[in-house]
Structure formats: C-alpha cells, structure tokens
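To start, the structure under review is shown below, and the notes come after it.
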There are 2 protein chains.
Amino acid sequence: MKPLILVTNDDGITSKGIRTLVEIMQTIGNVVVVAPNSPQSGMGHAITIGEPLRLYATHIFDGIDEYECSGTPADCVKLAKHYVLKDRKPDLVVSGINHGSNSSISVLYSGTMSAAIEAAIEGIPAIGFSLCDYTEDADFEHAVEPIAKITRAAIEHGIPKGIALNVNIPAKTTEPLKGILSCRQAKAKWLEKFDYRTDPNGRGYFWMAGDFINFDTEKEDTDVWALENNYISVVPCQYDLTEYEALDKLKTWNL
Amino acid sequence: MKPLILVTNDDGITSKGIRTLVEIMQTIGNVVVVAPNSPQSGMGHAITIGEPLRLYATHIFDGIDEYECSGTPADCVKLAKHYVLKDRKPDLVVSGINHGSNSSISVLYSGTMSAAIEAAIEGIPAIGFSLCDYTEDADFEHAVEPIAKITRAAIEHGIPKGIALNVNIPAKTTEPLKGILSCRQAKAKWLEKFDYRTDPNGRGYFWMAGDFINFDTEKEDTDVWALENNYISVVPCQYDLTEYEALDKLKTWNL
C-alpha cells in the first residue's frame, strides 16, 4: 500500500515550493495537503490560541485532498491530524519546499521546520525541505531528484522516533550538487539591523534585516559548511531543549 | 554597579505578570522594559519579517525606561539589544511572569521562553518565569521571593553560555511551596481537540483546545513532576536542536 503523506509549508498553499513538493510526493505516496492560506515565514513554533481557525477545501492541485488554513504551519499539522485525517495517521509529514534557507539557527524561526517538529512530537516521521533561494520564482528543478531520494530513504530506513529532518538544498548554480551530507546545526546567529523610517503620517517604524554570523567557520561537520560547499545538508532535529550538562551545574546552586 | 536587566514577556506590557516581574527586578538592578503591545501567547519563536515593527515609549511603570513593541517577544529582545540599548549589553534578560505554565513541551510554543532563548543566542544570560495559573488576575505573591532568589543566584553563579532557564512556579494553593528543583523537560504532548462552530454568516470555524499528556509519569526528575508536587521547576534550555545519536544513524543511509 502506498504511504499516506501529509504536505504542508510556511510560504502558503499557492507558493511554487509546495507545488514542487506535492508533485514529488505524488510519485511516492497518497498525498493530502493542509497548508496556510497566507505566508507564515518566521512564525517559528507559533500556534493559534485565543483566536478561531478557518479551514477550507481548495482546488489548486490535481486529484488530491487539499485544504487551506488560516493558522500557522504547526496549526496545519494539528488540524490535519485531528480533523482532516481523523483516524488515518500519516506515514510521513513533509513541509516546504521553503523559499529560503532554514539551516543553522534559522531552524528556530522557521515555520517550515516547526510543522515538521510538530509532526515529530506526534510520533510521525517528518522532513522539512528548504531551498537556499528566497525568490518567489526560485528554480527547484535540481532539488527534485534528491528530495525524492531522501524521502524514499526515510521511508525505507525509518526516521528515529521524535526526530524531524531539516533538509537544506543549495540554490541552483551552474555547478551540479556534490551530494548529500548528514550534519549538525552550525553555531551561528543573525546580527540584526533595524532600518528606521517615517510613515506618511509622521510616525516611525522599523524594518528588521540582518547578516548571518557563523561561529563555526573552521568546522566541516555543519549544515552551513555543507551548503557553502554545494552539498545538501540533513540535520536530525529533536525537541527536548534540556541541556544536561548545565543541569548538573544548576544543582550546585543550592536553590 | 547594579546589573542592567531587560524585562519582556508575551502577555503584553499591561499584564499583571510583567508588573510583578518589574517590581522584583527593581530590587536587584537597573531595569529597562521592552514588551509586546498586545498578547503574544503561543507565538513560539516567531519573528516579524515582511512587516514593519512599531516601538513606542510608555509610562506604565515608575521611573524606568519602558517601550511597547508591535512585534513578538523575540522581536522585543532584538529591538531592545540593537536599538533601545544600543551599546549597553544587558547583564540579564528576564521574561514573564507568564500567566500559565510553560513546562515540558509547552516550552516550544512559548513566547515567554522564546524571548529568553533569543537572549541566550545573543550570549546574554536569560530566564523565563511562568506561573501555572492562566487567569488574568493570577496571584503572584508567593512567586516573588523565589523569583528574586533564582535571579540573584543566576547573577552570582552565572548561567552557562547559550543557556536560558525555564522557571515554572505552581499556582498558589493553601500549602506553601516545597522548594526549587533543577529538572529536565518532561516528555509530553498536547492532545488537541478542535471545537467546530458556525459563525453568524454560516461559515465554519474551529477553536483549538487540548489536554496535556505526560509520557513521563513515573519519573521524578522532570519539570512536570516538580510542579505536580508543589516544587518550582528550573530547566536549563539550549537551542542546538541536533540529535547526535540520530546523526550517526543517518550516516548509515548512504544518501
């Protein structure tokens, strides 16, 4: 029997990236789509509490069950599991293909990966796919075959329980991709710059922008190194934030 | 010299919890407040990209620099660091006191903790405080002394680099608190229930609600156990999501 694959994303159901992902997944399994009705980039692991959620059937793709939701990517997975799919547990949740990198520290801000991690919390194997190209009309063609390969491998080998894979794919260049590397999350941060402007009513506002700062520049085992060297990066992500060494230190505080 | 303490939260600058936290921190250091201008519960590690941010000076508290921001808790920390405080690096960032628990898996959905983790990413010691009482007029009185004690201990001993403490305090009962325990994040999830209703225009919508499911019921080293037994829980949280055991397994997939 073909696997049941739930597809979602954070760029919204009309984006080019989710269309590509749906087409890939249709070659592998039976696809159901529940995705946001508007862009949700940078939503992290936000969920909608205190406000109602809307869910409507859509007719964008060919011959599959598909729904758009007013909520966040994590909401989409929750609504899919508990309402749309009801008693059918998906064999896999895939999220993306994101228009833009979610490597390194960006995983924390990523709606794409929060959907995958939400599935992992539910005990469902999950993969988030992101292309390091932020443009709306990004070229996903070189990503198709490796995404299918990683997905088939995940189904064959099984993703360890409670883990979501964070897959990032270099933007298309004239060079072919060198391969796929399993990596750790690079130590890095964004150095924000706030651009202050004045609106037509005379009130100030800010645009947030930033530069990516990699603290792991010498290391070859990170996702950032892989991407900079034209490899696809795969990072297994978990959701236990406990830092166990610090826990031992805390116990000496005699609180 | 008194430490510079940045205070933020996710319930918004007018909430009772942040007022209590500001009053506690004024006994310890010099306080600056940058907090959301509206409730941001459940925002996880969301940041505002693609929309402008507003920041206005407010006059709610006595004699301190205070600002309300249109963004998320993580935005507040970023704007505070890069704009409000400019060259002054805070010695500590505290977030809360949240109206409601952020123990166990709720840490992922928590705006309170995302602000603390954002500070940890910036290399600033950080603590998120939450009271296990969701009401707007929650009684924070029993939390005041332990919050001061934990904060002073954190300043004295130093929080390990890249770590944010997730402190949860039981709701007030007739029994006194038993003490403070360093814990790990309990394995748990929310089992969502979606309540379907119809609006006056005949269109359907959902309210998300849920029950907390603890998979660690037999274990005494978790935050949930501590809270259920009337202890304050302290969990050291980090932001490297890499699961290193799974990484070894992935390498055998021959991708």
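Just so you know, glycine gets a Cβ as well, placed from its N, Cα and C.
TrEMBL has this to say about the protein:
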{"type": "DOMAIN", "residues": "A:5-190", "note": "domain 'Survival protein SurE-like phosphatase/nucleotidase'"}
{"type": "BINDING", "residues": "A:D10, A:D11, A:S41, A:N98", "note": "divalent metal cation binding site"}
Inquiry  = Taking each of A:D11, A:S41, A:N98 in turn, which of these binding-site residues have a Cβ less than 8 Å away from a Cβ in chain B?
reply    = A:S41
Divalent metal cation site, defined by A:D10, A:D11, A:S41, A:N98: further same-chain residues with Cβ within 8 Å of the Cβ centre = A:N9, A:G12, A:S15, A:G17, A:P39, A:Q40, A:P73, A:G96, A:H99, A:G100, A:S110, A:G111, A:T112
Message = Helix, strand or coil for A:D10 (divalent metal cation binding site)? Use DSSP.
response = coil
Remark   = Checking the binding-site residues A:S41, A:N98 for other Cβ atoms within 10 Å of each Cβ, the smallest tally belongs to A:S41
Key: Sequence-distant neighbours of A:D10 (divalent metal cation binding site) in its chain (C-beta under 8 A, six or more apart)   = A:P36, A:P39, A:Q40, A:S41, A:M43, A:T72, A:P73, A:S95, A:N98, A:S110, A:G111, A:T112, A:S114, A:A115
Inquiry  = Long-range neighbours only, meaning 6 or more apart in sequence with Cβ under 8 Å: which ones does A:D11 (divalent metal cation binding site) have?
reply    = A:G17, A:I18, A:P39, A:Q40, A:S41, A:N98, A:H99
Note = The correct three-state DSSP answer for A:S41 (divalent metal cation binding site) is coil
Remark   = When pLDDT is averaged across the domain 'Survival protein SurE-like phosphatase/nucleotidase' (A:5-190), the result is 96
